[in-house]
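Engineer: My structure is below; once you've seen it, I'll send some questions.
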Amino acid sequence: MSATTLAAEPAARPAPERRPVVELSGVHRRYPGTPPVRALDGVDLRIDSGELVGIVGPSGSGKSTLLNILGTLDRADEGLVRIDGLDVGKLGDGQLSALRARRIGFVFQQFFLTAGVTAVDNVADGLLYTGMPLGERRRRALDTLERVGLADRVHHRPNELSGGQRQRVAVARALVGAPSLLLADEPTGALDSASGAAVLKLLHELHDGGTTVVVITHDHDVAAELPRQVHIRDGRIASDEKAGGR
Amino acid sequence: MSAGRPGSGRGDPAPSRLRPRDTLRVAASGLSARPLRAVLSALGIAVGVAAMVAVVGISASSREQVNQQLRELGTNLLTVAPGQSFTGEEVRLPPESVDMVDRIPAVTDVSAIGAVAGAAVYRNDEIDPGQTNALAVNAARIDLLDTVGGTVASGRWLDEALAEYPTVVLGATAAELLGISRTDGTVGVWLGGEWFTVVGVLDPVALAPELDSAALVGWPAATEILGFDGSPSTIYERSDEAAIEEVQALLPATVNPEHPEEVAVSRPSDALAAQAAADETLTTLLLALGGVALLVGGIGVANTMVIAVLERRTEIGLRRALGATRAHVRRQFLGESVLLAGLGGTGGAVLGGIVTAVFAATRDWPFALPLWVLAGAAAATVLVGALAGAYPAARAARMPPTAALSSV
Ligand SMILES: Nc1ncnc2c1ncn2[C@@H]1O[C@H](COP(=O)(O)OP(=O)(O)OP(=O)(O)O)[C@@H](O)[C@H]1O
Ligand SMILES: [Mg+2]
């Protein structure tokens, strides 16, 4: 079932208890049309806690569709989707929202920060739907901004930040709720190579800290840096490789 | 199989939750992001609410003014006048009827005027007598002014001595029409073929407006100089407030025992109150117009909200990704709509209050704005906001998060 290829278990890190965060089996997603678009065509995938996985493939191969399903923003037409141990197919919209509020963090190519709102408040919005009081949300947001290296930019508004800084704010927002799964769709797509490298470095650091990260990219250089690369083509997993670490 | 296998996950996550305070904050943030648009679309509501509040406020102030006037003037004045006989002939009150009214125990004051038949009043003796005017010549008892609660604008009122001589006191309208303002005894009017000296001009008499267009001469002077027959045309009487109904019932038979049905008794304060009530037709009409403005304002808000939802697809998608439920999204936009309408409502209520205050001040009316109007305005705006926001909010909530995020 699991598409994980057996590779040498990274022995460098003290291995935390492995548990599956993502388990997909036989996942299909079709979009209506003539003929229908088979965006995902029988995907099996298992991602364990603490992994840093790159999903790589050409444009239109189904990467974003896969990410939407991993993030429970979209549902599979067929197949089993289990996120953080929960069978997503059996959950209602409210329960999926709860899962996103507390277990999943998103980073988007276009950042999607709220204009005119300071970095700390943008990050605090990552906890908005947990019902946490504002003071506590801000406190955690400050801590998280420090973690992503933006302690000196907390009161800047998005238009006062560079692209790379904006994306790091977005990463902090995804991270502030300590999610089981961090999903990033082309996080470096809108950045120059230096800023992109900084964001990638940040994701690597999060991985080192134990966060489970899935990064979508069509950039093979970016993918080459990642310890595990899942190649997707025409809605199918073409290969799943684990490097022996960085 | 079961959600939350032991050891494999962290169990079911606690539900998403948006604190009420955060709902408000999020709803307000949508407005503060585009303040000009918010103000402009709230303006429609503001105009409607201002119109309604001002209409009710002005009419309440006007009513308060009448009530205050009635409190000052008293509501215990009744007038008695000859009605019409069964055959349609004009009937007359007997000269002694004033004394008979005075004999009713509850009656405290009584006075009368009598129309002087065939007499007219002119500025001077060169005006063609065929050219009639609307001014009446009345004989007046000297206790008339106290009984009707009238006041003298200039000069003085008739006393025992003046009532014997060709002197006249003019009602406010009469003085104006005749162009007379001097009351120092140097000005005369040509009245019933004689010169009468003007000794006083009255203020308008609220409870006896017929006196405004009258020239009032003393009862004895009218009898001796103008050939007045002594028959009163209107009797004014005041009684204890508590006894009004009783007196009202007694008056016809007292004044004309043989034909009580030919006597017309009326209560002038009723007419004043009725006049205030008559304004209510206009008030209702204006209120309806304000309601239409409010409705149009509501449509404006709905329009703004529909556009906002379309423009903010990305924000909606992002919020869903951050864990907002459909209900949270719906509440956000509903809240935004209610806030928008509430903004207009508050502005409108303040504006309506100011208009009422200014209007009342320019007319020397008391300022009255019933609290229920403000409560009603608040309720109306919340309702309008909720109705206007219901469809856009539902639409926002239904938007699939993926569509919302990929629409950039
Ligand atoms: N809402 C939709 N309706 C119809 N077809 C869709 C929809 N979304 C995606 N598709 C199709 O599904 C396929 C996979 O799309 P997806 O967005 O997952 O590709 P991707 O790998 O993310 O590509 P890119 O690298 O360009 O972002 C594409 O052929 C796309 O045209
Ligand atoms: Mg994509």
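In case you wondered, yes, glycine gets a Cβ from its N, Cα and C as well.
Predicted, not measured: the structure shown is a model, and the values here were computed from it.
Copying in the features that TrEMBL gives for the protein in this structure:
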COMPBIAS  B:1-10  compositional bias 'Gly residues'
REGION    B:1-21  region 'Disordered'
TRANSMEM  B:38-60  transmembrane segment
DOMAIN    B:39-251  domain 'MacB-like periplasmic core'
TRANSMEM  B:285-310  transmembrane segment
DOMAIN    B:289-401  domain 'ABC3 transporter permease C-terminal'
TRANSMEM  B:338-361  transmembrane segment
TRANSMEM  B:367-391  transmembrane segment
Engineer: Across the domain 'ABC3 transporter permease C-terminal' (B:289-401), what is the average pLDDT of the model, as a whole number?
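Structural biologist: Summarising the domain 'ABC3 transporter permease C-terminal' (B:289-401) by its mean pLDDT gives 93.
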Engineer: Using DSSP, how many residues in the domain 'ABC3 transporter permease C-terminal' (B:289-401) fall into helix, strand and coil?
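Structural biologist: Per DSSP, the residues of the domain 'ABC3 transporter permease C-terminal' (B:289-401) fall into 98 helix, 0 strand, 15 coil.
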Engineer: Mind checking which residues of the chain, 6+ beyond the ends of the transmembrane segment (B:367-391), have their Cβ under 8 Å from one of its Cβ atoms?
Structural biologist: 45, 49, 52-53, 56-57, 60-61, 63-64, 294-295, 297-299, 301-302, 305-306, 333-342, 344-346, 348-349, 352-353, 356-357, 360-361
